[in-house]
């Protein structure tokens, strides 16, 4: 069995390869974006499979291209790749990489399946660098329209929970005045709203996910599992968290528009939820409690309450 240290070391090795590729080939990745225009797993086993498949190849490069697919076209893109691309060069590149690694759209009955989502979660720092590198040259596949705010997209991608440190695996999950509290709160809301919009109605009924309360509870359970993963050391989580929020920081503090965005999230999203959902959120994190308590006020009042509560260390 692969040890946790071996898993962490292998992730760091491949991360270094991929980040190096990003720094040296950003233009190529952005071009590739244009050319393709139109959760519980065994990390050790998946890494072993990838390492074997990557023999004789530049896996850093391949990983970058796979993650570009993930964040510009979505996880379903790997199905019938050639039919979904308007530029031949992009079709050839994408098809060759997807086929070589055997990337599939969903796990299905294969516990060891390689999916774009699993790759994104396994190498979260690479994912973050991909999103930051191609965001100016592509429309990224993220829908935040139901949050009632804007400007927080980089914090809402599926790799971010890998950077979160929980204070407890039982509610409240985050009660410190730090960045993890903010990120967990954002992802609980984004995850529930995304599930509400994208999950077929028939499946929602079958799984009893027909109310905001049900969706939040479902999302929280999955999010806690994801945040509890030990693929990254706590030090790495902290380092990557700080890198993630750099665009929102100025002179050791968060910028004014960051607090404004959180205030709008409170008044534009939480205010619309029913009382049972609001009460559930109040017990998940201290930031969500503040947002619920101030959702009936103005954007500025909600933003001030959140800013006054939080500190700006980690």
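A Cβ is built for glycine as well, from the same backbone N, Cα and C atoms used for every other residue.
Annotated in Swiss-Prot:
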{"type": "BINDING", "residues": "38, 41, 118, 237, 266", "note": "RNA binding site"}
{"type": "MOD_RES", "residues": "1", "note": "N-acetylmethionine"}
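Its Cβ taken as reference, residue 237 (RNA binding site) is surrounded by 21 other Cβ atoms within 10 Å in the chains shown. Proximity of residue 118 (RNA binding site) to non-local residues of its own chain (separation of 6 or more, Cβ distance below 8 Å) is seen for 41, 46, 107, given in sequence order. Within its own chain, residue 266 (RNA binding site) has 290, 291, 292, 294, 295, 299, 302, 306 as residues 6 or more apart in sequence whose C-beta sits under 8 angstroms from its own.
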